[in-house]
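Taken verbatim from TrEMBL:
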{"type": "DOMAIN", "residues": "31-66", "note": "domain 'EF-hand'"}
{"type": "DOMAIN", "residues": "67-102", "note": "domain 'EF-hand'"}
{"type": "DOMAIN", "residues": "112-147", "note": "domain 'EF-hand'"}
Amino acid sequence: MSIYKKYLKDDSWYMDQPVFSEILHNSFGLTDDFFMRRIFFASDLDKDRRISMEEFIRVVAIMLRGTMEEKIKLCFTCYDINDNMELTREDVTTLLIEAVSEPPTRDSSADALRDLVELIFSKLDEDGDGIITYEEFVKISLKDWTVMEMFGQCLPDHRHRAAFLVLLESDQEIKGSPESNISGHCA
């Protein structure tokens, strides 16, 4: 896939986090460094701190044409800071601070943040145990898709998604190769 290969510095077929983030920024319009790093770690399935072509195709396929459940899982995995399939109040606080790019500086800001965290838990923590589980997140996200990215942007917006699909189609026409067609991987 030429889009992937153009970012590689050698023939290793792997990319590191800065290169991956550059693609997320340039191709998908994502701008938040924290969430781009989280997407990288969620995409690095074998945890070798680099993205293979297969891992890249998988995450791009989910972003472009994944099912709602696949997109929810990707978002939750990005938010799951401790990699334990649950979100605590501390996790949610960290995510919200990262999403606004500035930690609260005044007592009133800290109080507002605490109130927001409590509101989120009242909506998402269905059993009231102080933890938002993956299952709770999925259930609420399927009812209200806006919940899926409430802690930060992990998916491209519609405009960037459409532009990337056009780029893939033109890449396929130029190459004429079935390997350059990512849409076959993301039905």
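The backbone N, Cα and C atoms fix where each Cβ goes, and this holds for glycine too.
Caution: TrEMBL annotation is automatic and unverified by curators.
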Exercise for the section: Looking only at the domain 'EF-hand' (67-102), report the model's average pLDDT. Expected result: 94
Practice task
Count the residues of the domain 'EF-hand' (67-102) that DSSP assigns to helix (H, G, I), to strand (E, B) and to coil, and report the three numbers in that order.
Solution key: 24 helix, 2 strand, 10 coil
Problem - Secondary structure content of the domain 'EF-hand' (112-147), with strand meaning DSSP E or B - result: 26 helix, 2 strand, 8 coil
Practice task
With DSSP as the yardstick, break the domain 'EF-hand' (31-66) down into helix, strand and coil residue counts.
Solution key: 24 helix, 2 strand, 10 coil
